[in-house]
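What TrEMBL records for 6-27, 60-81, 93-113, 125-147, 249-269, 289-306, 327-347, 367-384, 391-408, 437-455 is transmembrane segment.
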Amino acid sequence: MERAVAYGFSAAMSGALLLSCLLFAALNRRQRAPYMDEAFHVPQAQAYCEGRFGQWDPMITTLPGLYLVSVGIARPLAWLFGWTGSIACSTGMLRFINLLFSVGNFYLLYLLFSKVHPKSKAVSGFQRILSTLTLALFPTLYFFTFLYYTDPGSVFFTLFSYLMCLYGNHKTSALLGFCGFMFRQTNIVWTVFCAGNVVAEKLNEVWKTELLKKKDEKTFSIKGSFSDLFRVLRFLIEYLTSPQNLIKIIALTWPYIIIVVVFFAFVLINGGIVVGDRSSHEACLHFPQLFYFLSFTLFFSFPHLLTRAKIRRFLQTLRKYPLRYSLIAVISLFLIWKFTYVHKYLLADNRHYTFYVWRKVFQRHELVKYMLVPVYMFAGWSFADTLKSKSIFWILLYFVCLFAVTVPQKLLEFRYFILPYLIYRLNIPFPSLYKQLLELALYIFVNVATFYLFLNKTFQWPNSEEEQRFMW
């Protein structure tokens with residue numbers, strides 16, 4: 001790291017940490033008691049701090065990774081500073097652990113940007129620092145830095161696992177993937193993604209060799225025809241059904257395979273992926289979740305996805321392939337008609353932004369959800385277009401993982417979109433400086449609005465004296 005870049009990175013990280021500490025202090029002054037899901041997480045962590053590891057709140061649906069890490073940090077601090085257990089594992093101290101995770105996430109994001117986008121004339125150290133700062137302030141993730149939720153730790157171990165995978169340290173990557181799984185069970189998908197990265201790399205090498213053998217200069221593009229796609233799928237089937245090739249793949253990915261086997265053993269013993277309360281977390285085929293994710297990404301990455309040039313090219317593509325896009329529109333309408341689910345939490349809890357999105361947009365009229373199909377189609381096209389620099393095998397892998405992590409979720413919850421969004425944003429080409437600054441300005445604006453509403457616009461429910469606050 002050059003000296004100027006090192007100074008710039010230190011300044012950005014220190015500034016972000018200072019801002020976070022000020023917000024942390026303000027939030028803890030206004031909301032001292034556990035809020036929302038903290039009402040389950042905080043008492044569970046405090047029970048672990050007191051050595052009661054057999055105690056478990058049946059309302060908690062995730063594994064105890066967050067609580068085990070909390071004990072591993074709080075206990076040594078209590079011994080070092082002579083604190084009592086009530087101080088070391090107080091709500092404020094437990095929240096502070098997520099602030100530490102946020103510092104780790106900042107550094108990991110920079111390392112990932114440096115690995116995915118090596119230094120070149122097109123990508124400067126300043127651009128990597130700016131993109132790191134922007135993603136570190138990604139509103140949906142940044143907000144939960146200040147509450148005792150699983151999200152910052154889940155992101156930390158998943159990003160760390162991805163980084164180790166890119167560096168070829170697959171045993172370490174698999175172990176970190178297991179840690180991520182202990183924070184949230186769906187993170188097993190990103191362990192599979194890391195394994196898939198290794199396989200995609202190998203497939204890409206063989207694919208290029210095959211093209212050279214056939215003296216075929218044509219390379220596959222995400223905008224290619226269906227015949228190109230079938231050609232790739234045929235190659236995949238032929239390669240993966242070869243015993244010799246399967247042995248090579250197993251040899252490359254065995255650490256990840258062990259973690260996946262552990263996951264399936266857990267599901268078998270547990271009787272499902274959810275621990276604790278399963279009544280509100282039933283899996284289903286909620287295909288419109290993909291459309292919600294694409295809309296979410298279109299909003300937060302609008303400088304990259306929503307440009308005049310992209311809109312013009314999309315319209316040209318529609319004119320060029322009317323039958324293809326008509327078929328996509330019909331399939332989308334069918335999926336919305338048959339597979340739209342509305343979770344009881346979405347309709348009942350007016351503290352979450354999703355409650356207002358659903359009420360103000362989707363509940364205005366029965367036809368609104370169908371009228372949004374053109375927006376979904378543009379968002380999907382633009383989303384795929386920004387990934388065209390990646391290999392077709394990487395793209396297929398990412399979309400399979402995106403499907404696996406979003407579609408089975410019945411509840412529309414923006415927190416479920418954090419990791420797929422970060423993986424996407426890390427892998428798209430660096431935009432111009434103007435677009436990066438515009439993206440950062442959007443994130444800052446959304447964060448300011450979110451914290452203002454949370455801290456200052458409290459309200460009460462008729463049957464409760466507790467103050468309620470707006471949040472993601």
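Note: Cβ is positioned from N, Cα and C throughout, glycine not excepted.
As a quick check, the transmembrane segment (60-81) and the transmembrane segment (93-113) clear the bar of 3 or more Cβ pairs under 8 A, pairs 6 or more apart, so the two touch. Spatially, the transmembrane segment (437-455) is not adjacent to the transmembrane segment (367-384); fewer than three Cβ-Cβ distances between them are under 8 Å for residues at least 6 apart in sequence. Segment contact holds for the transmembrane segment (125-147) and the transmembrane segment (93-113), given three or more CB pairs below 8 angstroms at sequence separation of 6 or more. Segment contact is absent for the transmembrane segment (391-408) and the transmembrane segment (6-27), given fewer than three CB pairs below 8 angstroms at sequence separation of 6 or more. Here the listed stretches are 6-27, 93-113, 249-269, 289-306, 367-384, and the one with the most C-beta pairs under 8 angstroms to the transmembrane segment (327-347) is 367-384.
289-306 is the stretch from 6-27, 249-269, 289-306 with the greatest number of Cβ pairs below 8 Å to the transmembrane segment (367-384). Remote same-chain residues near the transmembrane segment (6-27) are listed as 95-96, 99, 102-103, 106-107, 110, 125-126, 129-130, 132-133, 136-137, 145-147, 451, 454-455 (criterion: CB distance under 8 Å, separation of at least six residues from the stretch ends). Taking Cβ pairs closer than 8 Å, the transmembrane segment (289-306) reaches residues 138-139, 332, 336, 372, 375-376, 378-380, 382-383, 386, 402-403, 406-407, 409, 412, 414, 417, 420-421, 424-425, 428, 431, 435-436, 438-439, 442-443 in its own chain, all 6 or more past its ends.
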